[in-house]
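Q: Sharing a structure here in C-alpha cells format.
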Amino acid sequence: MKITVVGAGNVGSTCANCIAQKELAKELIIVDIKDGLAEGKGLDMWQAAPINYYNTKVKGVTNDYTATAGSEVVVITSGLPRKPGMSRDDLIATNAGIVKSVTENVIAHSPNAIIIIVSNPLDVMTYAAYLTAKKASNKIFGMAGVLDTARYRAFLAEELDVSPKDIQALLMGGHGDTMVPLPRYTTVSGIPVTDLIDEDRLNAIIERTKFGGGELVNLMGTSAWYAPGAAAAQMVEAIVRDQKRIFPVCAYLNGEYGMKDIYLGVPVKLGKNGIEEIIEVKLNESEMAMLKDSAESVKSIMKVLDDMNIID
Ligand code: LMR
C-alpha cells in the first residue's frame with residue numbers, strides 16, 4: 001500500500017504522522033512545494049519509527065510527483081490556511097488554483113487513487129478537484145464532517161463529564177457556519193443526548209461547534225491541525241482497512257436529499273472502494289431547511305469558483 005499526503009504544513013504533516021503511526025501504508029510520500037520542507041518532515045517521521053514502532057517508510061519530496069506514482073490513497077491538504085478575521089470562503093481565490101494544479105499532478109501519476117480533499121473552502125475545493133480529476137465521485141471526496149463531529153463530541157463529553165468515546169453524533173451540511181449538527185441523531189452510548197442535557201446548554205454547544213474552526217484560528221492566529229490531520233487519517237484508515245465505517249463526508253450528491261451536482265456533508269459508508277453508500281437519514285422539516293440553507297451557502301461559493309473560469 002502506497003499513500004501520498006500533499007502538503008507538509010501543519011495539517012498535512014499531522015495527517016502523515018497519524019498514517020505512519022497507524023501503519024496504514026508500506027510507503028508514505030509527503031509532497032510540498034517549499035524546498036526541503038517535506039524532505040525534512042519525512043526524515044523526522046522516519047527517525048521516529050524505531051521509537052514509535054512502525055514500519056511505514058516515510059519520505060518527503062519537493063514537488064516531485066513521480067515519487068507519488070501508483071499511490072492508492074492521496075490526501076490533498078495544499079493551500080493557505082486562514083488568519084483571524086477571515087472566513088474559509090475568503091481562501092478561494094488562492095486555493096482553487098493550487099488545488100487544481102495539485103489534483104492534475106496527482107491524477108497524472110496515480111490515476112486510480114482514492115483522493116481525499118482537506119483544503120478550504122472545503123466543499124467547493126472538493127468540487128474543484130472532482131471537476132479537474134474527472135473521476136467517479138465515490139473516489140474523490142472531502143474531509144470535514146469527521147472533524148466537525150469530533151468537535152461537537154468533544155464539547156459534549158466535557159459538558160457531560162463522560163468519555164468522548166461514548167458520544168455518537170451526526171452532523172451534516174457544508175464545512176462552514178451553516179453546518180447542521182443533529183441532536184436527534186446524537187447519543188451517549190445509545191442514550192439520546194437530549195435526555196442528558198438541557199436545551200440551552202445543547203444549543204450553546206451546537207453554536208460553538210459551528211464556529212469551532214474560527215475559535216482555534218482566533219486562539220492561534222492560524223488554522224487548527226491536530227484534529228483535522230487525525231480526522232483525515234481516520235478516513236484513510238477506513239479505506240485502507242476496508243472498515244465500512246459510517247462517517248459524515250463531503251460527498252457528491254446526485255439526487256440524494258433532493259440535491260444534485262453539489263458536494264455536501266452527508267453520512268456515507270467508507271471502505272476499500274471509497275464511498276460505498278450514501279446514507280439518506282430521515283430529516284424533519286426544520287433539519288431539512290437547515291441542510292438546504294447550508295447547500296445554498298456552498299452554492300454561492302461554487303458560483304465564485306465558476307466565475308474564476310479556471311476549470312474546464
Ligand atoms: C478547521 O475547521 O479547523 C479548518 O477548516 C480550518 C479552519 O480555518 O477553520
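Yeah, the Cβs are placed from backbone N, Cα and C, and that goes for glycine too.
On a predicted model such as this, the values are computed, not experimentally measured, just so you know.
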Q: For the NAD(+) site that TrEMBL assigns to Gly7, Ala8, Gly9, Asn10, Val11, Gly12, Asp32, Val118, Ser119, Asn120, which of Asn52, Asn55, Asn95, Asn203 is also named?
A: Asn95
Q: Running a distance check here. Ligand 1 versus the binding-site residues Val11, Asp32, Arg82, Val118, Asn120: which have CB less than 6 Å from one of its atoms?
A: Arg82, Asn120
Q: About how far apart, in whole Å, are the alpha carbons (Cα) of His175 (active site, proton acceptor) and Arg88 (substrate binding site)?
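A: Just about 9 Å between their Cα atoms.
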Q: Return only the integer: C-alpha distance in Å from Val11 (NAD(+) binding site) to Arg82 (substrate binding site).
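A: Cα of Val11 (NAD(+) binding site) to Cα of Arg82 (substrate binding site) measures 13 Å after rounding.
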Q: Roughly how many angstrom lie between the C-alpha atoms of Arg88 (substrate binding site) and Asn120 (NAD(+) binding site)?
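A: Cα to Cα, Arg88 (substrate binding site) and Asn120 (NAD(+) binding site) are separated by 6 Å.
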